[in-house]
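Over in Swiss-Prot, the protein carries these features:
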type	residues	note
ACT_SITE	ARG237	active site
ACT_SITE	GLU266	active site
ACT_SITE	HIS285	active site, proton donor
Amino acid sequence: MKPSIILYKALPDDLLHRLEEHFTVTQVPNLRPETVEQHAQAFASAEGLLGSSETVNSALLEKMPKLRAASTVSVGYDNFDVAALNARSVLLMHTPTVLTETVADTVMALVLSTARRVVEVAERVKVGEWTKSIGPDWFGTDVHHKTLGIVGMGRIGLALAQRAHFGFNMPILYNARRHHPEAEERFNARYCDLDTLLQAADFVCLILPLTEETHHLFGAAQFAKMKSSAIFINAGRGPVVDETALIAALQSGEIHAAGLDVFEQEPLPVDSPLLSLPNVVALPHIGSATHETRYNMAACAVDNLIDALQGKVEKNCVNPQVAG
């Protein structure tokens, strides 16, 4: 008999068929309590769980006593209670490699669009403000040869450094938990403490996961150390930044602009002050959102779940220590 799994995300037909070759699949729209109650028997017998964006906590795990592996269609997993998974020896799989290049493209797009005010001036054209040759009030700032500060030199940070170094001749500063020899050798990146980076960088790009240590890592004190001409980019997780402090820094001119793909609350409330600031480019968490990459992420998540339930945790496993 095939193992049973819960699928809480729509998949392309070919990937759904691949799952069905290996498992008995119960599809549900979400993991809300009423959905779990409606499909109680399926949840109680499920050995696998696959989807994205929903919260997986102790309350849900209590309804899934046979669960052996969960696979998320994402690189981030802050919506999972990892301690609760570990306590129950449930493997957690994610997709850290397939989205690297696409997310780095998005970060570079934020750098360019904020510096050159692409979104702002495009809207001015659309509403009929381009009635004569443009003047300095339409000008942006250069990107090439400006100093890029990367906070978090993981796979995405490395891919961003490659684009900045070779494409725009940008000197690279970085701060991370440890030195990154590849970044230093390939892109002449220079490791420095966070304060030094904040004071020297023209662009500060935050690419960090959300953990207890990184929550509100960036607040008023950090923005105060940045140049008044600096542009801040966040493409990691929203709660790494104290959004109230960011808004204050933007409104006061303490920093020049911000390009944001993530927020403390998502979707971003329509009354957020960020949406009324012309020096903010706000995206709806589209870092990996291309047709190609989202398909590849889903395919990776499917393969991850198949591997996990076969006891293969050599790659893409958050907590391999719980494997039996």
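Placed from the backbone N, Cα and C atoms, the Cβ positions cover glycine too.
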What same-chain residues, at least 6 away in sequence, bring their CB to under 8 Å of the CB of the residue listed as 'active site, proton donor'?
-> ASP261, VAL262, PHE263, GLU266
Given the active-site residues ARG237, GLU266, and counting only Cβ atoms in the protein chains shown, which has the most within 10 Å of its Cβ?
-> ARG237
DSSP three-state assignment (helix, strand or coil) for HIS285 (active site, proton donor) = coil
GLU266 (active site) - helix vs strand vs coil (DSSP) | coil
